[in-house]
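Here the structure comes first, spelled out in structure tokens, and everything after it is commentary.
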Amino acid sequence: MSKRFGIVVVLILGILSPLLVQSLRFDIQSGHTKCIAEDIKSNAMTVGKYSIVNPNEGHPLPESHKVTVRVTSTYGNNYHYGDNVQSGQYAFTAAEAGDYMACFYAIDHKPVTTITIDFEWKTGIAAKDWTNVAKKGQIDVMQLELKKLEDIVQSIHDEMFYLREREEEMQELNRATNSRMGWLSFLSLCICFSVAGLQLWHLKTFFERKKLL
């Protein structure tokens with residue numbers, strides 16, 4: 001019981017953590033690339049937005065402060081592309097499960113400059129615009145909170161089934177690996193016995209030619 005409770009707590013924290021994180025800020029130098037991965041389930045909604053932090057507030061961003069952004073799936077499908085931009089956003093529904101990569105390439109510039117980027121990436125229930133949900137449905141605060149809790153419970157349910165599927169895949173992989181290792185061990189023994197037999201036959205024929213036997 002305590003183990004199941006711990007798993008549920010971990011799932012809840014994992015689902016609620018995107019709701020608590022506001023954004024990610026990182027630095028990248030001219031001519032370099034930085035990639036950020038996000039594990040997304042199939043048919044999950046995801047939204048992201050990014051912008052370059054202005055080093056001189058009150059002044060326009062320098063021309064050197066531009067990046068090329070590409071968001072791709074595990075299988076290399078392109079979901080977003082921004083060429084030499086200073087900010088942007090994307091939203092899509094994942095067609096396949098796996099790690100999605102958001103790669104930022106800072107344009108080459110001499111002398112080398114450091115660019116600071118604000119990046120926010122939300123998936124699942126965190127990607128839902130609850131303000132629009134409340135406006136469209138004309139619901140009060142309590143109903144909105146209940147709707148959020150309902151979606152969280154559904155996400156936990158889907159996550160548990162997803163983890164079960166992954167566990168079954170890993171078990172099948174372990175069984176296949178054990179079977180292959182068994183055949184490999186058997187083949188290795190056969191080769192060892194064959195080599196030993198050939199060595200004995202060679203020594204016997206050698207001694208017989210030398211009339212030592």
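Using N, Cα and C of the backbone, Cβ positions are placed for all residues, glycine too.
Taken verbatim from TrEMBL:
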DOMAIN    33-123  domain 'GOLD'
SIGNAL    1-23  signal peptide
TRANSMEM  181-201  transmembrane segment
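Applying DSSP to the domain 'GOLD' (33-123) sorts its residues as follows: 0 helix, 56 strand, 35 coil. The average pLDDT computed over the domain 'GOLD' (33-123) stands at 88. Panel annotation: around the transmembrane segment (181-201), no residue of the same chain lying at least six beyond its termini places a Cβ under 8 Å from a Cβ of the stretch (none).
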